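**Q** One structure is given below, represented as structure tokens, and several questions about it will come after.
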2 protein chains.
Amino acid sequence: MLDLRPVGYVIGLLTATLGALMLLPLAVDLLAGSANWRAFAGAAAITFCCGLFTAIACRNAISGGLDLRQSFVLTTGVWVVLPLFAALPFVTGAPGLSGTDAVFEAMSGLTTTGTTVITGLDALPMGINLWRAMLNWLGGLGIVIVALIFLPVMKVGGMQFFRTEGFDTLGKVLPRALDISKALLSIYLVMTLGCALAYRAFGMETFEAVIHALSALSTGGFSNRDTSFTEFAVPLHYITVVAMILSTLPFIRFIQLFRGEVKPLWQDLQVRAYLRWTLYAIIMVLAWRVIRDAQPFWPALHQSVFNVVSIFSGTGLLSGDPGQWGPLPFMVLLIVGFIGGCTSSTGCSVKVFRYLIMFRAITTQIRRLLQPAAVHPLRLQGRRVEQEVISSVIVFFTLFIATFAVLAIALSMTGLQPRTALTAAWTAIADIGPVWGPEVGPTGAVGGFPDPAKWIMTIGMLLGRLELVSVYVLFTIRFWAR
Amino acid sequence: MLDLRPVGYVIGLLTATLGALMLLPLAVDLLAGSANWRAFAGAAAITFCCGLFTAIACRNAISGGLDLRQSFVLTTGVWVVLPLFAALPFVTGAPGLSGTDAVFEAMSGLTTTGTTVITGLDALPMGINLWRAMLNWLGGLGIVIVALIFLPVMKVGGMQFFRTEGFDTLGKVLPRALDISKALLSIYLVMTLGCALAYRAFGMETFEAVIHALSALSTGGFSNRDTSFTEFAVPLHYITVVAMILSTLPFIRFIQLFRGEVKPLWQDLQVRAYLRWTLYAIIMVLAWRVIRDAQPFWPALHQSVFNVVSIFSGTGLLSGDPGQWGPLPFMVLLIVGFIGGCTSSTGCSVKVFRYLIMFRAITTQIRRLLQPAAVHPLRLQGRRVEQEVISSVIVFFTLFIATFAVLAIALSMTGLQPRTALTAAWTAIADIGPVWGPEVGPTGAVGGFPDPAKWIMTIGMLLGRLELVSVYVLFTIRFWAR
Ligand SMILES: [K+]
Ligand SMILES: [K+]
């Protein structure tokens with residue numbers, strides 16, 4: 001029998017922490033004189049108590065650490081349970097969302113998707129907007145920890161390639177998780193603070209600086225404005241661009257940088273490919289805007305750079321409406337969204353590393369056609385890539401495309417138009433943010449979608465964020481059979 | 001040095017044959033009293049002579065058969081050279097197409113895509129419409145031969161799985177090609193004749209019966225009517241459905257059936273999956289039409305069955321305009337188009353067999369997460385699937401998606417709207433036929449596309465038809481280096 005108590009213990013602690021963190025927006029609303037602090041008070045009490053009781057009930061079983069199956073239940077469990085509690089303030093408080101909408105908003109926050117159901121963000125109490133941005137930020141932190149520690153051990157989607165990197169010996173999962181989490185937390189906090197201060201220095205208001213630092217560095221994309229980033233000054237755009245690029249680099253490199261090792265970051269093939277591809281995408285979109293659409297160069301430049309980087313990284317903050325920029329920019333944005341960031345970043349989607357492996361697998365395949373007898377080992381970053389990793393990567397990609405197709409079909413069944421269904425499936429599985437189509441409100445909010453569509457997107461966000469395989473495995477009989 | 005003379009010899013013979021075949025539409029136009037027979041006379045003379053001279057010039061080098069690299073050059077060479085000659089009558093004769101349009105039309109014919117640049121098909125001389133349908137039919141025959149004989153030897157996209165099937169000993173490629181081609185030709189002729197007679201029996205005019213038998217059994221999809229199949233009677237729809245299904249079954253099974261073996265067809269997992277998925281797709285589209293759109297059941301039935309089978313098989317004949325049926329039918333059609341027929345049929349796209357292998361690879365992967373030590377061999381149809389086959393299949397799929405994305409981007413660059421660019425890329429790479437979008441004419445003709453878009457689609461059709469890898473390999477330095 002699978003012992004779920006260690007899982008319950010960790011989820012309990014995380015839930016209690018989430019409850020405690022609700023005191024921040026509570027304090028903000030209290031200081032701002034908004035009566036909405038009561039929503040957070042109730043939610044915090046419920047969340048904290050539920051979490052604490054669960055942790056206490058399960059506390060004696062954790063000493064053995066987590067085994068493989070428990071790790072699988074834990075990762076999915078966290079992203080199923082926490083959004084339910086995180087949704088509470090949205091129901092009891094200011095926007096007064098329905099249960100479906102609230103869970104959607106919380107899942108969108110914690111999976112760093114950033115699609116919102118709310119129209120009229122600017123009029124919300126500050127606490128609610130802070131809570132939304134905090135969910136982005138916490139989700140980003142959580143996912144980096146999962147990508148650094150859990151996925152390699154769980155061998156999800158070829159992530160076992162990164163098992164030995166940085167952390168050579170692999171003990172039990174949990175103690176390492178705490179160590180690495182601490183290092184990560186410091187780096188993440190410093191970057192966020194730096195971003196917020198830079199915003200402030202270039203004239204953004206403190207509250208908005210905090211919100212956007214939280215949501216840009218987590219590639220989350222929630223904004224406190226209906227117009228997203230459109231109305232902000234040009235320098236603020238470029239600060240965000242830097243923040244979004246940082247958040248899609250492999251965080252393992254930052255830990256190494258922290259230890260004084262610059263070389264690994266500099267020589268990382270994944271980082272180089274990511275920056276190169278970003279450049280190509282920007283050039284294509286910019287050329288279209290300037291040459292074909294005859295837009296003035298400088299505004300076109302900062303908007304093209306901003307939106308390409310935003311979608312490529314999966315942040316989803318927008319400047320203007322790039323969905324209306326015409327065929328080529330639309331297609332480029334769709335495709336960079338399907339690439340996504342580097343591994344162990346807060347970015348989502350298929351990831352640069354997997355494309356690098358797939359491109360090499362294709363080259364190897366073509367070589368093999370001509371020299372069937374010869375052995376063609378696939379190498380990346382000076383290391384040999386095992387066949388098992390290659391298979392995992394390509395199977396992941398196949399599963400990604402298949403899941404995308406199923407989501408698109410399912411969304412179409414709810415009656416959404418093809419353009420809406422396709423971009424909604426895309427934004428959900430790659431945790432990007434924007435949805436384009438006739439059913440989307442003028443501010444980009446999807447509140448008008450039918451409820452089944454919202455649930456399908458909620459499931460899609462969860463699947464995409466946890467790299468599909470780690471969720472699907474829970475639905476096999478074999479998993480529960482032993 | 002690569003000796004290209006054997007390749008030249010075969011292509012020369014095939015070209016000469018193509019020239020000789022132009023006498024058929026010539027005769028039809030002559031009998032119908034159309035002056036357009038002159039276009040065929042000139043084209044036939046040029047084509048026949050060019051082909052004959054090439055064959056004679058290369059004739060002494062063929063005795064050794066073809067080696068691997070020559071096979072690659074041959075398959076691509078055939079589909080590059082023949083469309084150029086097949087295009088001649090379109091330029092010199094009735095529709096008076098530009099060079100770009102004529103090559104597009106001929107390539108669309110010989111790759112069994114069936115997208116047309118011509119508006120006003122009904123008014124064309126009979127010879128031209130016969131020629132178009134013949135190109136479909138010849139392309140279909142050619143591709144079955146390639147799929148049965150060449151691809152397994154060339155190990156393209158996992159086709160080596162079928163190497164031992166049916167033909168146990170593998171000698172030199174060419175002598176077997178002749179034997180099998182003869183058997184195939186008989187079966188294909190009989191099926192076409194049967195289809196035409198069935199059409200005739202249910203009231204279709206002889207000429208139209210021949211045209212549609214040629215284009216349905218080859219999954220080509222050219223029609224002599226601007227309205228495609230819409231105006232024909234209901235029984236004729238169902239005859240076409242049977243023909244289209246037959247043309248997507250593995251032709252190897254027909255050869256076995258011919259020898260009296262029924263079991264292989266009956267037990268073929270690929271066939272079963274294909275029929276099952278077709279049924280699911282029909283049910284989804286039909287339910288949408290009847291329940292959501294409140295269409296009367298019987299017309300909805302024959303139109304749904306017809307269009308789903310047509311797109312799934314990659315035929316592309318249409319009844320009504322399923323592109324306007326709303327989100328779910330649109331999405332279902334897109335996806336079945338990405339599945340395609342069985343291997344060694346005239347169908348195109350990724351193929352059912354590859355999906356079966358990919359689904360199993362995914363299951364195996366998920367099992368391996370839980371039991372890393374255990375060996376999980378993948379089996380299909382009672383036979384073990386080698387790792388090499390699995391890799392080839394999944395790499396093929398990745399390459400397919402990547403090529404689709406590149407085509408879509410390239411088409412967007414020519415200024416086509418996203419919906420048009422996406423469906424054009426889809427129809428080109430999977431050789432289906434219809435394109436949907438604002439730039440497409442009311443009859444579905446793509447004559448109004450910018451020339452670069454037509455060339456991109458022409459290249460896409462060629463790539464898709466020859467399963468990508470067999471073309472790409474020609475662009476590697478290594479191929480030509482030895
Ligand atoms: K996002
Ligand atoms: K076709």
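Including glycine, each Cβ sits where the backbone N, Cα and C put it.
Positions annotated as transmembrane segment by TrEMBL: B:7-28, B:40-59, B:71-91, B:134-153, B:183-202, B:232-252, B:273-291, B:328-350, B:389-411, B:455-481. As annotated by TrEMBL, K(+) binding site applies to B:Thr112, B:Thr113, B:Gly220, B:Thr315.
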**Q** Short question: which residues 6 or more past the ends of the transmembrane segment (B:40-59) have a Cβ under 8 Å from it?
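**A** Residues packing against the transmembrane segment (B:40-59) from afar: 5-9, 11-20, 22-23, 25-26, 29, 85, 88-89, 92-93, 127, 131.
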**Q** Which one, B:71-91, B:134-153, B:183-202, B:328-350, has the most C-beta pairs under 8 Å toward the transmembrane segment (B:232-252)?
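**A** Between the candidates B:71-91, B:134-153, B:183-202, B:328-350, the best contact partner of the transmembrane segment (B:232-252) is B:328-350.
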**Q** Do the transmembrane segment (B:134-153) and the transmembrane segment (B:389-411) come close, with at least three CB pairs under 8 A (pairs 6 or more apart in sequence)?
**A** no
**Q** Going by DSSP, is B:Gly220 (K(+) binding site) part of a helix, a strand, or coil?
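**A** Where B:Gly220 (K(+) binding site) sits, the three-state DSSP reduction gives coil.
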**Q** List the residues of the same chain that sit at least 6 positions away from B:Thr315 (K(+) binding site) in sequence and have their Cβ under 8 Å from its Cβ, in sequence order, or write 'none'.
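**A** B:Gly114, B:Ser215, B:Ala216, B:Thr219, B:Gly220, B:Gly221, B:Met244, B:Ser247, B:Val309, B:Ile432, B:Gly433 - these are the non-local Cβ neighbours of B:Thr315 (K(+) binding site), listed in sequence order.
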**Q** Mind checking which residues reach the transmembrane segment (B:455-481)? Cβ under 8 Å, same chain, six or more beyond either end.
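**A** Contacts with the transmembrane segment (B:455-481): 2, 69, 72-73, 75-76, 79-80, 100, 103-104, 107-108, 111-113, 115, 139, 143, 146, 150-151, 154, 156-157, 159, 348-349, 396, 399-400, 403, 407, 410-411, 414, 424-425, 427-431, 446, 449.
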**Q** Counting only residues 6+ away from its ends, which parts of the chain sit with a Cβ under 8 Å from the transmembrane segment (B:71-91)?
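**A** Cβ under 8 Å, 6 or more out: 2, 4, 6-7, 10-11, 14-15, 18-19, 22, 25, 39-40, 42-43, 46-47, 50-51, 97-99, 101-103, 105-107, 109-111, 127-128, 131, 135, 142, 146, 150, 153-154, 173, 462, 465-466, 470-471, 473-474, 479.
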**Q** Within 10 Å of the Cβ of B:Thr113 (K(+) binding site), how many other Cβ atoms can be counted across all chains shown?
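**A** Taking every protein chain into account, the count is 34.
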**Q** Determine which residues of the same chain, besides B:Thr112, B:Thr113, B:Gly220, B:Thr315, have their CB within 8 A of the center of the CB atoms at the recorded K(+) site, and list them by sequence.
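**A** Filtered neighbour residues, in order: B:Ser108, B:Thr111, B:Gly114, B:Asn136, B:Gly139, B:Gly140, B:Ser215, B:Ser218, B:Thr219, B:Gly221, B:Phe222, B:Gly314, B:Gly316, B:Thr346, B:Cys348, B:Asp431, B:Ile432, B:Gly433.
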**Q** Translate the DSSP assignment of B:Thr112 (K(+) binding site) into the three-state scheme.
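**A** Coil, per DSSP.
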**Q** Which number gives the other C-beta atoms within 10 angstroms of the C-beta of B:Thr112 (K(+) binding site), all protein chains shown included?
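**A** Taking every protein chain into account, the count is 33.
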